[in-house]
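Enquirer: Before I ask anything, here is the structure I am working with.
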Amino acid sequence: MTEFAASMPAAPADAFPTGSAPRPQPLPIRFTGSGGEYFRIWIVNLLLTLVTLGVWSAWAKVRKTRYFWSNTQVAGAAFQYHGNPGAILRGRLLAGAVFLAYSVAGRISVAAGLVAGVVLVLLGPWLFHASMRFKLANTSWRGLRFGFDSTAGRAYAVFAPGMVLGVLFIGALATIQRIAPGEQANPLPFVVAEFALFAFWPWLHARLKAYQHGRAQYGNLAFEFEPSTRAFYGVYGKAFLFTLPFLLLLGIVIGGIGLAARGGNDPGTMTRALVPIMVATYAVLGLSYAVVGAIFTARLQRLVWTRTHAGPVRFATSITARGLMRVWIVNGVLTLLTLGVYWPWAAVAIARYRLECMTLEAGAPLETIAAGRLATEGSATGEGAVDLFGWDIGL
């Protein structure tokens, strides 16, 4: 949600004076939600989802998204969400059927599972394209909806390299699974496919963001994204370097507990050692997620939004890894201590921090920009058609 909450209209070039460049007008994003308000929505959604065996989850998603959008404001005007829960439910039923077929195919035979996996990979670009259209077509600001100017064919062109790597990865995995009992598998194809997938992932991510941000529209205003593959590799590289100490720490902790248990004379000592090993593992993983995840998320948000612009409107963010880490740790601990009850307050706190770090820098007075866009409302609403199935994939 955060990524497109900052989307904002701008006027065409001919709407501005031809003299000296206008001084950018800072437009900070404000989030007015509260944990108490969201708790009431959350608890009702939770209970109704349980009572209806998950059917209410589509309506729960709409109520949640509508609450967060309606409390996200730019220049005093809030965003609105218009998603149809019936369409989302149909999409989820379709998704459930597809994944059920994949699961059943894998149990029938390795070949059937391989075919089903390839089909899922081939469906990916269409699903992403449909999801983006659904998201933006059902989001509006000042009465005018956003849109996603793309086709399924363009989505497949963007995702083609990733699809090839995905199919190779599935094929390598299937090759290992087809080894008969007692035979030794050659892990080389799987290792090569896995290495290729990880090596090219930052490049694929850069292509994805260029497609996602560069095809968004507000009326007849197109957003643009300035891609930098090197910058994406820098974000991933730094996250990887910060991951190494935690992997080392995890190995030391598990190895130390294991050696201590093995040195005892009690046969049940090793079994009892599993509990501290599990606790230590989850503790290290949680800490690494808070540290490395915050570094990665903050750097990625800065990279993506500082390279996105819409005409004379640019985006800035003051998010820091330390600030995000503090919000995550405090709210994560409180959520654990309250056995999940604090989650609505945590969700609001995280959303507020990430959103209020964002600022729009408008190259003209907001009134001029808004007037220029409101004049194109008719064509924009025609562009905003919802996805056929309404499968809203989280991004």
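Every residue, even glycine, has its Cβ placed from backbone N, Cα and C.
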Enquirer: To which of the residue ranges 1-21, 148-168, 316-336 does TrEMBL assign the term region 'Disordered'?
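Expert: Per TrEMBL, the stretch marked region 'Disordered' is 1-21.
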Enquirer: Using a Cβ distance cut-off of under 8 Å, indicate which of 99-128, 155-176, 239-261, 273-296, 328-351 has the most pairs with the transmembrane segment (39-59).
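Expert: Selected stretch: 328-351, with the most Cβ pairs under 8 Å.
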